[in-house]
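Colleague: Sharing a structure here in structure tokens format.
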Amino acid sequence: MPIMLEDYQKNFLELAIECQALRFGSFKLKSGRESPYFFNLGLFNTGKLLSNLATAYAIAIIQSDLKFDVIFGPAYKGIPLAAIVCVKLAEIGGSKFQNIQYAFNRKEAKDHGEGGIIVGSALENKRILIIDDVMTAGTAINEAFEIISNAKGQVVGSIIALDRQEVVSTDDKEGLSATQTVSKKYGIPVLSIVSLIHIITYLEGRITAEEKSKIEQYLQTYGASA
């Protein structure tokens, strides 16, 4: 069955390519892998781009029907994401999203004023949705889980912009991706605006056959099990 993209996903990918947040070529990743594409959400750096980015996150969240009280953005990349998506949910999500709160952590605890490492909403006895850009080794979300657990909050899900759909390690017999690993470990859904298969579908006719072939080969080599 062919993969269908919704309008918000198409718009997200169009803008990602336009602002070069999504680029194609040959890129060395932290993992040491040579990737035929590179994704940098930090290039969504204007008011217009951020508004559209927030809309994409918000629609993905609304469609998931996930019940939560607080959006938590791990420092640093998650901080602006939590804020803009909280605002966008209030704008387009209807009455049940009007009072969604947001919070983030400091990298270093503050020992004066209000103190602590949590800024924004208190997390105790709250249902928490963690927001971030991508998930690779899952390190950031593991740290976020610890912070939220220490604050007596309950993580009910996570959302990222792009699911790369590749195995964390080629030695993993289960062949799980970072998102699948986190979902299995913590028993939560990991949502995304788009995944690599959406990118491949969207790019049909927009890139050369050679570029498309390289992405498909990369997915065949490093792709996670379904």
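All residue numbers here begin at 1 and follow the chain in the order shown.
For all residues, glycine too, the Cβ spot is worked out from N, Cα and C.
What Swiss-Prot shows for this protein is this:
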type    : residues                                       : note
BINDING : Lys30, 76-77, 106-107, Lys110, His112, 132-140 : 5-phospho-alpha-D-ribose 1-diphosphate binding site
BINDING : Phe38, Phe39, Thr136, Arg164                   : orotate binding site
MOD_RES : Ser213                                         : phosphoserine
MOD_RES : Ser225                                         : phosphoserine
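Mind mapping these onto the model and telling me what they sit next to?
Modeller: Less than 8 angstroms from the CB of Lys107 (5-phospho-alpha-D-ribose 1-diphosphate binding site) sit Ala75, Tyr76, each of them six or more residues away in the same chain. Lys107 (5-phospho-alpha-D-ribose 1-diphosphate binding site) falls within a strand segment according to DSSP.
Neighbours of Thr136 (orotate binding site), defined as other CB atoms within 10 A of its CB across all chains, total 15. In this structure, Thr136 (orotate binding site) belongs to neither helix nor strand by DSSP; it is coil.
Around Ser213 (phosphoserine), no same-chain residue six or more apart in sequence has its CB under 8 Å from its CB. When secondary structure is read from DSSP and collapsed to three states, Ser213 (phosphoserine) falls in the helix class.
Look at Ser225 (phosphoserine): DSSP puts it in coil.
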Colleague: Among the binding-site residues listed here (Phe38, Phe39), identify the one with the smallest other-Cβ count within 10 Å.
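Modeller: Output over binding-site residues Phe38, Phe39: least Cβ neighbours within 10 Å is Phe38.
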Colleague: Rounded to the nearest angstrom, how far is the Cα of Ser225 (phosphoserine) from the Cα of Arg164 (orotate binding site)?
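Modeller: Cα-Cα, rounded: 12 Å.
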Colleague: In sequence order, what residues of the same chain, 6+ apart, have a Cβ less than 8 Å from the Cβ of Lys77 (5-phospho-alpha-D-ribose 1-diphosphate binding site)?
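Modeller: The answer is Leu41, Gly42, Asp132, Asp133.
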Colleague: By CA-CA distance, flag whichever of Lys30, Thr139, Ser225 among the recorded positions is nearest to Phe39 (orotate binding site).
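Modeller: With Cα distances computed to Phe39 (orotate binding site), the winner among Lys30, Thr139, Ser225 is Lys30.
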Colleague: For Ser225 (phosphoserine), list the number of other Cβ atoms lying within 10 Å of its Cβ atom.
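Modeller: A count of 11.
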Colleague: I'd like the Cβ neighbour count for Lys30 (5-phospho-alpha-D-ribose 1-diphosphate binding site), meaning other Cβ atoms within 10 Å of its Cβ, all protein chains included.
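Modeller: A 10 Å sphere around the Cβ of Lys30 (5-phospho-alpha-D-ribose 1-diphosphate binding site) contains 7 other Cβ atoms.
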